[in-house]
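Novice: Structure provided below as structure tokens; questions to follow.
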Amino acid sequence: MSQVFLLLTLLSFSSCIQVSSAASLKTLMARWMMYRDECFRNISREPPMAGLVCNRTFDKYACWPDALPNTTVSVACPWYLPWHKEGKTQHYGRILSQFRTMYTIGYSLSLAALVLALGILVAFRKLHCMRNNIHMNLFASFILRASSILIKDAMLERPDDFHVGQDITTELETAVGCRVAMVMMQYSILANNYWLLVEGIYLHSLLVVTVLTERNYFAIYQCIGWGAPLTFVLPWVIVKYLYENEECWVQNINMEYWWIIRSPILLAVLINFFIFIHIIKILVSKLRAHQMRYSDYKLRLAKSTLTLIPLLGIHSVLFSFVTDESTSHGALSLRLTKLFIDLFFNSFQGLLVAILYCFVNKEVQSEILKKWRRWKLGRDIEEEYRHTYSHPEEKQMLVSNSQNGMSTGLQFTSTPQDSSTCSSITEDIVMVDRGKCCSVHQDSSL
């Protein structure tokens, strides 16, 4: 009976019933006794099954019927639990499970695409300019975020894996690793939001600042993207360790502590939103100054706006002010809507950014095409030599001369990039960005 009392005490503390703890426990205990008596009546009323079966029982939590060997039996959530509501929350667990499957697929696809995109940008040195360096750091923050969330989910213990007699030492060891995963997840989410902020600041500076010393500013951008999140994560870790050092640090018992993480994210989202509005105004004025046709004007503006949304994370503004506190009393549909939109866009955002700013980027495609042509031409030369020449001296002379001529020929045959066809919004808005990339390449080659 003491185990039952302890279980019901824990359930009462985790419930959201807005009454005193003593009254909550008393009500919960009475409902549990009613459920137990009803279970015993049902057990004694129904005739026993014939043959070899697992006997019906009440395990002090739920009422279980007879079951055949090698079969799995599931029962409904006991109605005495504080969060149980008839007819409304029966599918709540199933909905959350579907949400988890959705964002797991999204983060997995984003992780694969981002790793490939980051590898491409790192491999081609001609793509190394300020804009792409910021993109690479943004890709890295998305990779860290997706990895930490997937690791955290793998380390969190599922309810169906819980055993009452679990060793406490093993549970504590698991909790330490899970807390480390939680800290990494919070840091990666903050870093990802602040690298989105860096993208907005850099794009805004290209449009507003006349003279931009990029080398000095990149160090500041790195401090904002990777350093600023530490100033918020470390206080949160100290507060959780001192005042809420329970389980995996998933639950926020005191919501005031959670604002240590939530407020800087909200600040970055709002700053990026205002930057987005200002950029759209500048873009409208530039498109009007070019005296474009109305249809082209609308198409170009829509393309630029849609491209900016995943780059700056503008979708986060939709439910920024819908907090957990405001949806804790009966607003289940609003909370599920907010949760779905946040999980869907956040999980697939990395995939969209990798596609828009790497895979369909004309500069990246041009460099990949050049690399492919060089490799294919080398293979053709090797194949031609294998069928024609027999002396190693002639082969070495042929390959070296052909490679020298190949590199010169490719410079003339490569198609110059047109800023109007580039998928990056930076080239759509300002023409000097590519000039800066080219100037960096020329300086590095001297």
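Note that the numbers count up from 1, one per residue, in the order the chain is shown.
Backbone N, Cα and C define each Cβ position, glycine as well.
Here TrEMBL flags 1-22 as signal peptide. Residues or ranges marked as domain 'G-protein coupled receptors family 2 profile 1' by TrEMBL: 38-95. The domain 'G-protein coupled receptors family 2 profile 2' feature in TrEMBL is assigned to 99-361. The feature transmembrane segment is assigned by TrEMBL to 105-124, 219-239, 259-284, 305-323, 343-360.
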Novice: Considering pairs 6 or more residues apart, do the transmembrane segment (105-124) and the transmembrane segment (343-360) have at least three CB pairs under 8 Å?
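Specialist: Judged by the Cβ rule, the two regions touch, with the required three close pairs present.
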Novice: Could you give me the DSSP helix, strand and coil counts for the domain 'G-protein coupled receptors family 2 profile 1' (38-95)?
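Specialist: Counting residues by DSSP class gives 12 helix, 6 strand, 40 coil.
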Novice: Checking distant contacts: for the transmembrane segment (219-239), what same-chain residues at least six beyond its ends satisfy Cβ-Cβ under 8 A?
Specialist: 134, 137, 141, 183, 186-187, 190-191, 194-195, 197-198, 201-202, 257, 260-261, 264
Novice: Looking only at the domain 'G-protein coupled receptors family 2 profile 1' (38-95), what is the model's average confidence as pLDDT?
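Specialist: Here the mean pLDDT over the domain 'G-protein coupled receptors family 2 profile 1' (38-95) amounts to 75.
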